[in-house]
Structure formats: C-alpha cells, structure tokens
Amino acid sequence: MALTSFLPAPTQLSQDQLEAEEKARSQRSRQTSLVSSRREPPPYGYRKGWIPRLLEDFGDGGAFPEIHVAQYPLDMGRKKKMSNALAIQVDAEGKIKYDAIARQGQSKDKVIYSKYTDLVPKEVMNADDPDLQRPDEEAIKEITEKTRVALEKSVSQKVAAAMPVRAADKLAPAQYIRYTPSQQGVAFNSGAKQRVIRMVEMQKDPMEPPRFKINKKIPRGPPSPPAPVMHSPSRKMTVKEQQEWKIPPCISNWKNAKGYTIPLDKRLAADGRGLQTVHINENFAKLAEALYIADRKAREAVEMRAQVERKMAQKEKEKHEEKLREMAQKARERRAGIKTHVEKEDGEARERDEIRHDRRKERQHDRNLSRAAPDKRSKLQRNENRDISEVIALGVPNPRTSNEVQYDQRLFNQSKGMDSGFAGGEDEIYNVYDQAWRGGKDMAQNIYRPSKNLDKDMYGDDLEARIKTNRFVPDKEFSGSDRRQRGREGPVQFEEDPFGLDKFLEEAKQHGGSKRPSDSSRPKEHEHEGKKRRKE
C-alpha cells in the first residue's frame, strides 16, 4: 500500500496540481458532451419579444434593425471598461509568465531579472566563447562613433526645436516605387501594365507656425519595476480566512442620514467593544505606587524642614536671651563700678582683627594687580605711586621730592599766640584767603597755560597760531572799545569789595540784626527824659 493512502487529504493544492485537475475536468466535459449546444437567433417572423443580449444571439451577422434596442454585435460600440489588469500570458511550456508584471511599461529589449535562476551565477563552460571576449579597438571605436552620432542627433533636435526660427529640414532623397494597377486593360492606365512612381518629400515652410497643439501634459513614464518576488504564487484563500478578513462597515453611533435600519449585532460589531478584552496596564499600579512614595517623601521632607526651622528659631532665641543677660550683667557691673579686663582684651582683639583685615585687603589688591591686563596694571601702579604735591600742574615734575617730613615754615618763629592769626579770635570775620597763594608769575603760567611739549603731539606746531586767532570777534566794534590791549597773564584777579557789601554786612551785625535801630533807641531816650523830669 502507498504512503499517501494513510495521509489525510491536503487542504491546499499547488499550482501544478490545480492545473492538472483543470485539464482533467475539461477533458471529462468534452467526453460527456455528445451534442454541441449552439445558440442562434430565432427565424424571421418569430422574434416578437425577443431581445438580443449576448454575442451568441447575433450569430455571424450584425444587429437586428426591427428590434429597437441598443445592440452591440461583436461588442462594437460598447464602452469598454478601463482596467490596469494584465492579460495572462504563458510560456512555451504552458506556465504563467509572472514576469509580465515587472515588464509592464518597459521596453522589450530591457533585461529584467525575475527568476530564481537569475540569482545563481552561471558557470563558464567555454572560456574562448566570443560572447565572453572583450571587444577589440575597432569595435570600441565603431560603438563610440555610433553613440556620438546618436547623441548629437538628439541634442541637435532639441536645440532646433527650442529655436524660434530654424533652418529648413533637409529633404529626404527621392524614392522610386514600381506600381502595378489593379485594373489592367487598354482603356486603363494608357495601356501600361506597370508604372514607376517617384516619391518626393513635400517642401515645408520653415516660418510656418505649428499646426497642432503640443502643450498637452506628457504622461509620466513608468516607475521603476517592482522587486521580483522569488516564491511560489499565491494560493486561493479558504472560507475561514475570508471570514477572518471581513471588516465590518463603519457605522456611526450618532449619525444616520439615510435612515437605514441597522441591526444591533451589526452596530456592536462596528463598535468593536466585544472584540477585545479589557486589560489594565501594570504601569497604572506603578504610577500610583510612585505617586504615593513621592507624597510620603515630600511630607517627611516638609516635617524635617519644619523641625530644623524650629530648632534654629530656638537657638536664635536662646542666643538673643544670652546676649540680653550679658548686656544686663555688664550694665550692673558698670553701675556698681566694677572694672573688668574684658574691655581691654576686646580692644586688643579688635585692633588685631583690623590689622588682619588691612593685610588681607593688601594681599587681595596685589592679586588683582597680578591678574589685571598689562595696560590696566601699569595704570594702577602709576596711580598708586603718584605724588600729590602743592603744585597742581599736569605734566610738570615736582622738583622737591624728599623723604623728610616737611612742615610749614610760616608757623615757626611767631611772636604772637593763637589769637593773632585769626583776627583775634573772631570767627565771623572771613579773612583766611586775604593774600594770593603763590602769586608768582611762573606759577600762574604753569597752572593756567598748557605746556607746549605735551600739546605739540596733539595740535602740532600751529598751537600759538590757534591761540592768537581772534575768534568770537564782532565785525563792528562798539565805540570806545580797544581790542589791541595786552591780554592778561595768570589767573583771574578780582577787586576787593567794589560795592562796599562787606562794610554793609558788618554794620548790620553790629546793630544786633534789628530791622529798625532808630525805633528801638527812641523809647530809651523818652524814658531817660522822663526820669530827669521826675527828679526835677
């Protein structure tokens, strides 16, 4: 017994088995059909109520004019349905050519690899095969020349088409055709049996505008062919698979514009509630646990912070109370007259702290100088070592530089005391600056006139010319004005009390600040006269 008798029947058949069964079924149908069934139209006169529908109803003829119905014999005039389905093609062995899908829209000469054997390298059986040899120089030159000519022709056609005016195309050479007419005889074709016709291309006007519209959109070329699938063809789906792939229609729970009556089971199937089981993700539990832990830690942190704040407040309170107790103790000791050595020790400690602070500032200043930029460092060092003298003259060196302590010589060898220097002790008299300070001519020139050497770099050699330039001089002067006078030298000099204002203020102070001194003296005179009269 064969092994196949024990095995169950296969649920799916291969393509070869399906084709074999189809051939056997067709042979059985030919053998069983004894009489050929052929449909023919009814004879003339018996066609009442008969309407031709199929191609067999027309037989070998055309339409029936007595039947007023749209008829399409041999499908002539019928609108054909547009479809991108390909016709099934078979090879020499009768197998379906599936590579037609990849060859769709491609040229017939294009090589498309769509078989499994295309992936397997071929074995070279004969190394001397001329197809496997490299071309020689002549073949390379010939192919190169053909390629160049084809490219030049394509480029020249595109360039000529883009030109608004172009030269007339060269006419093709004349062609001679031997023509034999169908009507032979003396009365036809002047008795000649054959004629030789010369075909010449019609002359074309180069300035003629185009006759046809060519601005239509050119359809896009075919895309790249799909990747070949190297597996067996698809098998027919079973009924179970078809039911599993059946998708229920989209039924809205809110809108029903057409007013259809939709069964409840279809509505629930479209809703999809019963198709999936409710499954709670475990991340919800993780999130809840994490939130609980975070809340507990936050509460613990808040409580700990509150305890620390309470402890700090308690320490501050205790420190404040201790300070108040010390202050009260010091006040009691001071009131009792008890001297302590704490103040002396505190003073010495404070002095040491000040010395430390000054040294720390000096070290910080030195570090800043070392870190500063070169220009800024030189500027700081220059300002640090700058000498401040009595002569306020920029750019003038100080001739008196000595390390000895200098004193004002005017304070020595004075025969009078303190009351002689300031008007006998009168504070209200303002005579401190009654004499000029360093009234020498050289001193005034140095202070109030810039140095020539310093300003020469800025202004050049024409400094004197600029100083002597008469600026802000009116065109017409007042009468009596003389601008040829010699300019002053030195600082501005003021006259001493030209209006007698100081004298007026002294008189006002002597009268005690009263507004009417005459009125205040009158009652005393009257009172004195009255006393004299009483005595008399």
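Cβ coordinates come from backbone N, Cα and C, glycine included.
Features as listed in Swiss-Prot:
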- 1-46: region 'Disordered' (REGION)
- Ala2: N-acetylalanine (MOD_RES)
- Ser14: phosphoserine (MOD_RES)
- Lys23: SUMO2 cross-link (CROSSLNK)
- 59-79: region 'Interaction with PPIL1' (REGION)
- Lys81: SUMO2 cross-link (CROSSLNK)
- Lys122: SUMO2 cross-link (CROSSLNK)
- Lys141: SUMO2 cross-link (CROSSLNK)
- Lys158: SUMO2 cross-link (CROSSLNK)
- Lys170: SUMO2 cross-link (CROSSLNK)
- 174-339: region 'SNW' (REGION)
- Ser182: phosphoserine (MOD_RES)
- Ser190: phosphoserine (MOD_RES)
- Lys193: SUMO2 cross-link (CROSSLNK)
- 209-233: region 'Disordered' (REGION)
- Ser224: phosphoserine (MOD_RES)
- Ser232: phosphoserine (MOD_RES)
- Ser234: phosphoserine (MOD_RES)
- Lys240: SUMO2 cross-link (CROSSLNK)
- Lys258: SUMO2 cross-link (CROSSLNK)
- Lys286: SUMO2 cross-link (CROSSLNK)
- 311-386: region 'Disordered' (REGION)
- Lys339: SUMO2 cross-link (CROSSLNK)
- Lys416: SUMO2 cross-link (CROSSLNK)
- 472-536: region 'Disordered' (REGION)
- 472-489: compositional bias 'Basic and acidic residues' (COMPBIAS)
- Ser479: phosphoserine (MOD_RES)
- Ser481: phosphoserine (MOD_RES)
- 503-530: compositional bias 'Basic and acidic residues' (COMPBIAS)
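Shown on the structure are the features that Swiss-Prot records.
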| residue | record | DSSP (3 states) |
| --- | --- | --- |
| Lys23 | SUMO2 cross-link | helix |
| Lys81 | SUMO2 cross-link | coil |
| Lys122 | SUMO2 cross-link | coil |
| Lys170 | SUMO2 cross-link | coil |
| Ser182 | phosphoserine | coil |
| Ser190 | phosphoserine | helix |
| Ser232 | phosphoserine | coil |
| Lys240 | SUMO2 cross-link | helix |
| Lys258 | SUMO2 cross-link | coil |
Cα separation, Lys158 (SUMO2 cross-link) to Lys141 (SUMO2 cross-link) (Å, whole number) | 26
Measure from the Cβ of Lys170 (SUMO2 cross-link) and count the other Cβ atoms within 10 Å, all protein chains considered.
-> 7
Between Ser182 (phosphoserine) and Lys286 (SUMO2 cross-link): CA-CA distance (Å) | 100
Averaged over the region 'Interaction with PPIL1' (59-79), what pLDDT does the prediction give?
-> 85
Once DSSP output is merged into helix, strand and coil, Lys286 (SUMO2 cross-link) belongs to helix
Ser224 (phosphoserine) -> DSSP, reduced to three states, gives coil
Please tell me which one of the recorded positions listed here (Lys23, Lys81, Ser190, Lys258) sits closest to Ser232 (phosphoserine), measuring Cα to Cα?
-> Lys23
Lys122 (SUMO2 cross-link) and Ser224 (phosphoserine), compared by Cα position, are separated in whole Å by 26
